[in-house]
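Below is one structure, written out as structure tokens; the observations come after it.
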Amino acid sequence: MPPPRGTPNILEGPGDYDVTSTIHNDTYPAIDPLKADLSGKAVFITGGSKGLGRAMVLSFAKAGASYIAAGARSDMTELAKDVAAAAATAKRSPPKFLPIQLDVTDPQSVENAAVAVKSEFGRCDVVVNNAGVLGRFGGILQTDPQEWWQVLGVNLRGPYLVSRAFLPLLLESELKALVHVTSVAAHLLNPTLSAYQTSKMALLKFSQLVHAEFGSKGLVTFAVHPGNCPTDIMGGPDGLSEHEKLIFVETPEISADTIVYLTSEKRDWLGGRYINVTWDMPELIAMKDEIVQGDKLKVKFIY
């Protein structure tokens with residue numbers, strides 16, 4: 001389980017313990033990708049070579065996706081083997097796997113990725129904007145302007161460029177699912193990570209704007225907090241302090257399997273909303289009327 005309520009936790013966000021009565025830190029039967037059927041569907045995931053992105057790629061393979069493209073700057077030779085193995089273990093047909101060298105901050109690189117996916121797959125049903133960077137800790141006066149702006153380049157400009165390039169393909173599909181991996185940090189005020197927190201809050205708003213423009217056309221845009229997972233962005237499990245080990249307790253699999261669960265069927269009413277993967281998904285789905293009628297899980301000004 002996540003840290004008990006009351007544990008000193010600078011990453012505790014609104015609703016962490018209150019939206020659903022049950023919370024999780026690892027995958028669980030209700031979101032098992034083996035229960036999904038994404039045969040015939042095509043998926044594109046940025047930052048797909050390692051960490052959360054790698055887990056997402058493998059989860060979609062287990063869910064039977066027929067076409068999976070992963071965009072990253074690093075080599076994906078081993079990932080291709082892992083995709084085939086994951087599909088075989090799940091007794092699914094091996095997907096066509098397309099590794100794409102990608103820089104999400106470069107418009108031409110992103111456009112080339114969209115062209116490659118259309119050329120190789122002829123379709124794209126799900127896009128996951130997962131690529132992200134943390135940036136250095138430090139106060140505003142100690143930050144390097146170029147490094148500060150680079151964080152926004154990856155975490156905000158990247159999802160914008162990818163969304164813009166892939167929207168025409170997504171809108172031709174039936175599922176039309178767009179996932180932005182944001183963070184609980186969007187809701188927090190920890191001054192030593194101003195670029196990261198600014199980028200993630202802006203990404204929440206961008207998710208709502210995409211929904212406002214394309215929701216009526218069937219696009220479902222999710223803003224997903226992937227949990228506090230000790231991935232490479234945090235220096236891995238060995239890079240955590242003893243206190244941080246009490247906080248960074250989520251697995252990559254809960255993030256990956258939750259995203260597969262959310263995108264495996266149309267959930268239009270969740271469009272433009274913030275979702276924490278530690279929340280119990282069946283319980284969240286059962287709250288549909290309350291969430292829609294109260295216009296909940298969105299960034300807004302309340303007075």
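Glycine residues also receive a Cβ, built from the backbone N, Cα and C atoms like all the rest.
Here is what Swiss-Prot records for this protein:
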type: ACT_SITE; residues: Tyr196; note: active site, proton donor
type: ACT_SITE; residues: Lys200; note: active site, lowers pKa of active site Tyr
type: BINDING; residues: Ile45, Asp103, Asn130, Arg164, Tyr196, Lys200, Thr231; note: NADP(+) binding site
Closest of Ile45, Asp103, Asn130, Arg164 to Tyr196 (active site, proton donor), Cα positions, binding-site residues only: Asn130
Per-residue Cβ crowding (10 Å cut-off), top of recorded positions Ile45, Lys200: Ile45
Rounded Cα-Cα span from Asn130 (NADP(+) binding site) to the residue listed as 'active site, lowers pKa of active site Tyr', Å: 12
